[in-house]
Amino acid sequence: MRNKKKHHYGDSSVHYLSIYLSIYLSVCLSVCLSISVCSLSISLSIYLSISVCLYLSIYLSIYLSIYLSIYLSITVCSYLSIYLFIYLTQSVHIYLSIYLSIYLFIYLTQSVHIYLSIYLSIYLFIYLTQSVHIYLSIYLSIYLSIYLFIYLTQSVHIYLSIYLFIYLTQSVHIYLSIYLSQFRTSDTFQHTFAHLSLPPSLSLSLSLSLSYSLSPPLPLSLPLSPPSLSHSHNNDT
């Protein structure tokens, strides 16, 4: 009886130890994965902010160059037209000066309209592409961080459950084989086991588990029902 109590206490302590180890491993893995996902999201945000700063600097340089070129062209054209108008009015060819001034005014207004339309189209295109890239980068970073966190937590839970299931089934087979091997030699166990009528599936599973846990390299040789126990029971009666 003392040996039985010690064996029962040992089984319960091993069971509690396995539960504690599984909880500890799951907590450690979840903490490590959350830290890695946070670091990945921080690195993505830093990288995207650097790229956005670069794009903004390029955009400002292009914008200033286009603006200065248009402004200088308009001022130069206006000064030239005014100068030609004054010079031609002072000369004898008054009609020619008026004609040229009107022609230059129309031409310059058309060219200014063309430049403004080109500038507005380029500006809208650059602005829209940059805003689309920024929104896409933010969306992709958030989506990737959430997807990686969910996928990693699910995979960790699945691997832990499979590992714990395999480990617990092996330990249960080992403890059951030790328990049956200890109690198989006693007469009381033989009498009680002889009166039991086990179904073939249960006896087959017990024989397979015993053969797998005790002697895995040997072939299975246990029958579906224990004839030795029934034979010993007949001899005793």
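Yeah, the Cβs are placed from backbone N, Cα and C, and that goes for glycine too.
Unlike curated entries, TrEMBL annotations are predicted automatically.
Annotated transmembrane segment per TrEMBL: 21-42 (among others), in sequence order.
Taken from TrEMBL, the feature transmembrane segment applies to 48-70 (among others).
Per TrEMBL, the feature transmembrane segment maps to 112-129 (among others). Through the fold, the transmembrane segment (112-129) approaches residues 59, 62-63, 66, 70, 73-74 of its own chain, all at least 6 residues removed from its boundaries and within a Cβ separation under 8 Å.
What TrEMBL records for 134-152 (among others) is transmembrane segment.
What TrEMBL records for 158-180 (among others) is transmembrane segment.
Residues 115-116, 119, 122-123, 126, 130, 133-134, 137-138, 141 of the same chain sit 6 or more residues outside the transmembrane segment (48-70) yet have a Cβ under 8 Å from a Cβ within it.
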